[in-house]
Amino acid sequence: MPKAGARARSQGSHGAMQSGSVADDQQKDTSDMSFEELLELQSRGGPRACKQLAGRSTPKQSPRQPVCVADKHRPLEMSAKVRVPFLRQVVPISKKVARDPRFDDLSGEYNPEIFDKTYQFLNDIRAKEKVLVKKQLKKRRSGEEREKLQQLLRRMEQQEMAQQERKQQQEQRLALKQERRALAQQGHRPYFLKKSEQRQLALAEKFKELKRSKKLESFLSRKRRRNAGKDRKHLPLSN
């Protein structure tokens, strides 16, 4: 029995030495070993140790590739898990902002007197167009073209009347401004009219103009009919 135990211990120490030598040999790189050493290693540790040692060898470093910078104008990458909307912005587009010169400070302040003086030549063009429309209206006896010409002539006359009324209001405001300036030079305190007083003055001036042109009665009759129509709407319906 003592001989069998000593033999087992000697075999165990021999196996440990053999496994230690295999571990030491596995630490070597296969690139530094000759073909005979590889055969000897395969015969001692088997093909598995050789494969493990070959797998531990350092891989070859690939040449460094240049870094690609992403383009900001590239198409947007959408995830396949999220539903893509029907309308999406692929390329950013600068939004055009509409500019209205009537309400923009870049166009300056609106002065009706300067505007009328600057575009005074338009009145001559409108007068020539009005004469041309009247000539064409005389040639057309009936039909749709005659109705269109009548509507055009009526609109031109209304625009002309509105322009004359606006011009009269401007003259009236200018006269009031000159009167206030004269009172201020004399040492009096200036008085500014209210909007209601300005409307009354404009209405009185309009009545004077209608009376001078003998159109006051027709204007008053139209106004009476218009007011009667408005009052009729508020009356209860008769059965």
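Cβ atoms here come from the backbone N, Cα and C positions, even for glycine.
According to TrEMBL, the region 'Disordered' annotation covers 1-72 (among others).
The compositional bias 'Polar residues' annotation in TrEMBL covers 10-21.
The compositional bias 'Basic and acidic residues' feature in TrEMBL is assigned to 156-182.
Positions annotated as region 'Disordered' by TrEMBL: 156-191 (among others). Beyond the ends of the region 'Disordered' (156-191), by six or more residues, the same chain brings 112-113, 116, 123, 126, 129-130, 133, 201-202, 205-206, 209 to within a C-beta distance below 8 angstroms of the stretch.
Summarising the annotation, TrEMBL assigns region 'Disordered' to 216-239 (among others). Per DSSP, the region 'Disordered' (216-239) is made up of 19 helix, 0 strand, 5 coil.
Not one residue of the same chain 6+ positions outside the compositional bias 'Basic residues' (221-239) places its C-beta atom under 8 angstroms from a C-beta of that stretch. Residues annotated as compositional bias 'Basic residues' in TrEMBL: 221-239.
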TODO: Report the DSSP secondary-structure composition of the region 'Disordered' (156-191) as helix, strand and coil residue counts.
DONE: 30 helix, 0 strand, 6 coil
